């Protein structure tokens, strides 16, 4: 069996460990051979690939990024399924393992169902917003980096008696904000799922200040304050209602300063959160997901993906991961609020 | 309600975050008050305690160790239940939250069942060997420290073309060895649950060397090689059959060197693995466990402990955590072996 | 002898270690006593201070920020020298140790020369731009944080085949950019001292890309591209000619993308660089500077400050540190260019 | 010009950055070409080498270990100078850059003086014990790792009210112990240069304990307590009088426990201190030393080595580095003692 492997969408710490897990398991247990496809669907559509051996994946478990490269090319662009079949046939590729997020898994699922292509998946989202999987790799690394950054910012905030507003990733969900905020002892955590008013934010900030703390506000990039739209007609929001200009933190900090009178500063962590060596947790999860994906391909479970449930790696429908966004549930929001102010 | 809190047994990263979670949840939601008991059961038996307020727990989520101190004093020593009742009555303490390992939870469970004391628990084991909970706090920090150490040791091993034998914690189970070994790309992982022979170890080491690698062997402190006892009559093993003198790594390294001819060095990580600031993962888990324990006490669920199941914190019988050791299951051992050699 | 200690200006990793060094040396060797003055000159002018003992400084060597707090209050505001003398007399304070940057040292020097106040100094600048001292504490921590951040960003840049523009601190000098850039293998380092044209930057970026690298550009916040002013009449520069809106990195990244056709992203490290626990290097330097400052005060060397020369802590005139900015010399710029492109 | 590069002796963080600095400077500025010699003098004597290009050194600045490998082979073994000349002639190698410690530099210096070979050097010692250079690369990384380890161990020591004895590198000098001990707030620092009695150690430990601290003792591996020899006739010391069996920390901890009655634990950091990615400080220093060595070779300054003086890289005689060990001077010992107890 000859299997093509591709990584698609935004990069994520652990991708290389997934690739290594796939290749080692496939070669050692199933006698499979592998082709590394460059830059996601682009490499498949443009026939840009290479034979991938044990040597290519050695020493990869702790390395950030993806040796395969990635892109946001859509599988139905540039010839789409037709072209894929051609390229796969030309190389004798029987099946694909697609490592990607919502778009990739939805596309792959459709390619299996409508075109009969042989594809299994590994879910990838640093935001942890895919359904039917407990956590996804990369999320632990992102929450760790964000936590360490907030720890650092707290000391400078305290020295200057300032409020710090730290923007973390999370376009549609607040998982990174929730976890990093809880881990680092934030006085307010703002998430897309739970809009709150400026007055509420100001109350939390003032309460922390009154107890002698330098207020720490952690905000997910996709958060939109309650009653926001009307106020910033002149600032612009994007099609999903998200603040565009320079990040929500840059918008919130001066607002907080104005309402509370407390000097406030913004920091946007941005790409830092997806770079560098994955945590031990993510390396183990990634390796196990990769090995499970090799098994799925070996057993012809097309349309399935490897998924974490409790302490086990199980197999679920790719389509089930994308049907609904995994939001932060209400009870986690209530739990977190006990720590606010 | 006035609740006493104690931490007992070996310290563990996340203890302070548990304490903070308990106090904040109890005060803010349940209007409880708290007493910090010093050094585990010792403080209760010797009446060494202090009123613990929000101020005492501020800024604790990222701090290693335990502000309460800990000891290995047994609850049935020095007066035992009788004396506890006295001291609790004198201070108006209604109930206890005991954060501890196998011994603590077994003792607490017995105090509930036989003596009718009001106790709830939080499971603590850096080795991750308690039953009826997916993971325990501190384990993620330990596996992270061990992984980072192995990453470091690999570079020096490769420069000198040596084999490195790294001993990690795990008296009875191999969880830290398994995870850190997988995360750091070890060529052999040795665990108490799965004795292997010197020949097998030598084969993995030689195979890695033949592929041009500096062989990395990760061994849990409780590992005993197959056919070991007879060979080291003169070295001594302890009552559980574990190697005593200076750590199993110090025993294995020269053996590996002798059999394989590859220069080998031992490193014992020891106390390093339980020190310092907890990871983001452990801080979130600890905070949530602490908050759940405050709820258990509020609702009078004596004999129960907070426990992680999947992504949820649930409540289980304390006694269920100690009935059987949570060993590394066979399928995880088989999974890991794909990466060996 | 009763000595007042204050920290002034932007905070800097190592301030707490300086304070600890002062207090331990002064109490143990000179039998001095100490007063901690809150928030720099503000605390002195407003009589906001506390007796500072061994207990106050315990465990401080590794803690970021300053326990004394800091502010940008100028010593000649609000009553100035007159008021200082009053407050010092009221508390029986004989002399001051002022830990601060250019403004603080210049002010302190003037207070010594014109007013006869008893002040010694410790130079503080995270940018490393003070004269007559080899390095200043905080700089090593800043270069370490920046280097680690660039290491992280490189992996995501490589996965996406992007150019990364990372903005680090350095309003007037490029020391952090120079060192972090060299340490992390940047393909271009842009510093205020050495303006270069967009074409030169584009050439370095393209050259790196042509060799298969994801181009890394490290830019000091105070860098202004050659021929810049006329081009951005509508964007605004501040009084010193520095780019105002959102950081120079946010300006450069789209420019680079436009000229080279290589997708480019900006990251601004900002406050992250001055937060958190100082490096071992900075802790040792800070401790030694603090101890030397206590000696200077003991011996009545008013107007002097402790300074690093080679491996020694020596004493120099405070005024000498501020007479001229310590810029990156030409030979360091030439040395660095060997690594560009 | 064709230059052979070798790394010899124990590995050290920064070796790869030196190699990268040499190659980039030599190729870009001097149009030199390079040969990488494997495993120090062994590779030269056994003709084991490869053409080393820009591609071989790319991305190396942050990588631990040495891509050239290293060994303790002596240059006068196995044919010695005669054989070297042969191999160099066969490959057209004009000159050598030897990166190594006392033995390597002494050997290289002799090869220049007695045999007329063309060699320049780069000093390498993680212990920082070479003369005529302010600091050597690797030392900062070692002190950082040791400091971080002590920070970690402190939290567990405090939880258990224990004394921690931490053994760091330093066979003949105490630089790592001195710096890591000062940085991490040790209550006693023990160095080969300054033997102290058990009673003195016990006094420092007891004093720290009496102030409510968990006593931290940092000891260099080469430390020998005053009056030691007679007491341990049965334990064995090596030819230099150093404690052999399992490290001095393992000897001291039970002694301290016996004298003071304070529970004590030992940790030996060992190889951890020389592994992994170098600090920013070491990367910059290494890169600059490498570039300077390429210049020395270009200008035919045989017998010279690159050396750090203040903030400059200068050139000194290799022989001057080895004439006398750079010990910790008395005034640094006195300075440190202010922090003890």
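Even glycines carry a Cβ here, placed using N, Cα and C.
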Identity of the ATP-site residue among A:4, A:10, A:170 (reference: A:72, A:73, A:101, A:102, A:103, A:104, source: TrEMBL): A:10
A:125, A:126, A:127, A:162, A:169, A:170, A:171, A:221, A:271, A:272, A:273, A:274 bind substrate per TrEMBL; candidate in A:213, A:265 listed for that same site: A:265
Cβ-centroid neighbourhood (8 Å) of the ATP site, A:10, A:72, A:73, A:101, A:102, A:103, A:104 excluded: A:8, A:9, A:40, A:100
Separation of alpha carbons, residue A:265 (substrate binding site) and residue A:72 (ATP binding site) (Å): 33
Filtered binding-site residues - A:101, A:104, A:272, A:274 - keeping only those with Cβ under 8 Å from chain C: A:272, A:274
Which of A:10, A:101, A:103, the listed binding-site residues, has fewest other Cβ atoms within 10 Å: A:103
Residue among the binding-site residues A:169, A:272 whose Cβ has the most other Cβ atoms within 10 Å: A:169
Which binding-site residues sit within 10 Å of residue A:171 (substrate binding site) - Cα, from A:10, A:73, A:104: none
Nearest of the recorded positions (A:125, A:127, A:169, A:265, A:272) to residue A:103 (ATP binding site) - Cα to Cα: A:125
Conformational class of residue A:104 (ATP binding site) under the three-state DSSP mapping: helix
Where residue A:72 (ATP binding site) sits in the secondary structure, as DSSP reduces it to three classes: coil
Residue A:102 (ATP binding site) versus residue A:127 (active site, proton acceptor) - Cα distance in angstrom: 11
Top Cα neighbour of residue A:272 (substrate binding site) in the set of binding-site residues A:10, A:73, A:101: A:10
Rounded mean pLDDT for the residues that make up the domain 'Phosphofructokinase' (A:2-296): 93
Chain-internal residues, separated by at least six, CB under 8 A from residue A:274 (substrate binding site): A:10, A:11, A:12, A:13, A:126, A:138, A:141, A:142, A:169
Top Cα neighbour of residue A:125 (substrate binding site) in the set of binding-site residues A:73, A:101, A:102: A:101
